[in-house]
Each structure stands twice: as C-alpha cells, then as structure tokens.
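Now, the feature entries from Swiss-Prot:
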SIGNAL    1-15  signal peptide
DOMAIN    74-384  domain 'Peptidase A1'
ACT_SITE  92  active site
DISULFID  105-110  disulfide bond
DISULFID  266-270  disulfide bond
ACT_SITE  275  active site
DISULFID  309-343  disulfide bond
C-alpha cells in the first residue's frame, strides 16, 4: 500500500507546471494610506457571501464582489497576444472569467494599469459579444475577444477573454492588479465560454485535470500555483480528500467550527467555499459577531474589528472540521497586524440567508495554513498542512 501511495504522488507531480505568485501590499493599505478606506467601506459593504446570494437570485448576471480583494496579497503574471503583452492578475478560484483592461477603456481606473492593445497582436480575434461583470462597487463592461494566453510555459490558443471599456471607479484606481483570471467551474462565467484552466486540459497542455495552491505567509516570493500536478514537498503528511458538494464554486461540506472543544458556529454542518480570491474568513453575520465577541474583538466605525495585539499569544485555535478531519486556525492567522502595529480580526461578516444553509468562504487566511488541491477530474478538494 505504501508503494501505491508513493507511485500516486509521483504521478501527481509528473510534468506539473509551477507558476510563481508575487506577494504584494494589499489594496486596503493603499486605500488607508490615501485616506479613502472608510468612505469606500461605507459605500461598498459587500463581501463574497453577499454576491453568492445575488447570483442565486439572478443567475443570468455574472456578479463579482470587489471588497473581497481588499486584503489580497497574491498575484500572478500572464501574457496575452502575439507578441505577448504582460499583465498582473488575481488567480481566483471564486470566478471563472479572464479579463484585462483594453486601450479603449475610458475609465480613469484604466489609466493606472496596463492595457491590452489588439492592434499589436497578430493572433487577436474580436467576437463583438458584450461582456458585463457586476461588482459591488460598479460594473466592468467591455467586449469578448479571443487570443493566445500564456501562463508560465503553457500556451493556450484562441482563449476567450474580456476586454474592459469601463471599470468600477475608486476600487480599480487603487487596485494592485490589472485583471482577474478565474479558476472556478465554467458555469460561474459567461455562457458558452471555456475558461482558461479548462482549455489547458482540453488542449492537452497539462497531464492531470487539477491544480493546486501553496500560499506562503513569510516571503515576497515562494507562493505557487501548480498546474497539472502536485509537488508533495510543499505539504506535510497525506492529502485528505473532500468531495465538491456543488460544482460551481469550489464548495465543500464543513462539519463544524469550534474553539476550546465547544462548537461556536456551523452547528450541525454548513457549506464552505475554498476561495483564493478572498483574503479573510467570511461567514454569516450572526456567527461572525459571536466569534468576534469570543476573541474580544471590538467593532470600529468602518466595519473592521480590532484587538489588543498581545492576545495573539493567548487566544486559542479556532478549529474547522471538514470530512471528520480537524484544521486548526491559530490566533496568529486569524489576527493580522498592519504596518501601524494595529491588530485586526481576519473574520468578516457576510450575510444571513434564512432560505439557504449557513455559508462560509475560506480565503487566504485558511489557505496559507493548508496546501489545497483543486481536482476537476474527480470533483474533489485535497487538503494537507502546508510545509
């Protein structure tokens, strides 16, 4: 049995492609330094959980929350066109559309980012189909196009992507990325459009129909997206597999959330979404308020919760039980210290929806602790302690 396990690891790691991710200053810090954070949070109080509810109510519209990118610090580099034009993008498992700014974009936000020039690409094709992605702070509108997309050493031909003509105002002006590359299931995106990862598999560019994330908490470099395989040197022990409960988002069943052996949320089970496009741990408002009270976090006027920094050394782990396996999140992970040495809670309020089971979004706070494999071939998620 041991040899079968070793051979399985070899198969998973064969011919995989590693895409380095850059760790950067968060947009929240940019907004705070420009003294516009409070105004932004008051005007756009939407999180990924709000958008999940909106998308259920109107599945014909592609919704994306912009607030969930506020604390994002991981981006990757891709290129589009022939010769290649380079862009910094969020690699987002919570969406499935690829879009970047175009030179025809009239919004002030586009002036702060690299823009794709179709006239400089010999492989560019325009479809004429409009693209609209609704965000919490406005709407990205543009048009659909096709071109060669390169990610690492892999080249996808005739990839559909969106080119923006207008972008949401203040948020994208302060964004540290140019666009978004979605890694979610196809039904999250535009009807009839094949996402980038699906084309990597369909065009025979990767040996396994899966990808994995390793997010480093220490260095500017070291974080990694793995395409088509898994490198076991990035995690400890064995991967524990959990089935995807609803193949759209990378969604799974969570057994419970506990502290000091007592269930404090998700009593009787709930749903969780593994989301690289979300930085924090987001849950129903009632559950988050309870957790903030338990850890002694106090609300500020802008929706954030503050704690005394010395509590990092005294507060207990908060434990997520998934597939009967426990995944502790220590205080050093669920509390963050900013550049001004203020400490904030990494739990964020979503919303309560009486018509739906309790929904959580497990963002980078969780994913930094646990190496995560997204297995499309078997509709499952693998988790193991990160190395």
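Each residue, glycine too, has its Cβ placed from N, Cα and C.
Residue 309 (disulfide bond) sits 27 Å from residue 275 (active site), taking the Cα positions as reference. Long-range Cβ neighbours of residue 110 (disulfide bond) (same chain, at least 6 residues apart, Cβ-Cβ under 8 Å): 101, 102, 164, 167, 172. Using CA atoms as reference points, the recorded positions 92, 105, 343 were checked against residue 275 (active site), and the closest is 92. A count of other CB atoms within 10 A of each Cβ picks out 275 as the most crowded of the active-site residues 92, 275. Most Cβ neighbours within 10 Å, among the disulfide-bonded residues 266, 343: 266 holds that distinction in the structure as shown.
When pLDDT values are averaged over the domain 'Peptidase A1' (74-384), the model yields 92. Listed recorded positions near residue 105 (disulfide bond): none (candidates 92, 266, 270, 343; Cα-Cα distance within 10 Å). Take the CB of residue 105 (disulfide bond) and look out to 10 A: across all protein chains shown you find 23 other CB atoms. Residue 343 (disulfide bond) and residue 266 (disulfide bond) have their C-alpha atoms 26 Å apart, to the nearest angstrom. Between the listed disulfide-bonded residues, namely 270, 309, the fewest other CB atoms within 10 angstroms of a CB are found at 309. Taking the C-alpha positions, the distance from residue 266 (disulfide bond) to residue 92 (active site) comes to 25 Å.
Cα of residue 92 (active site) to Cα of residue 270 (disulfide bond): a span of 22 Å.
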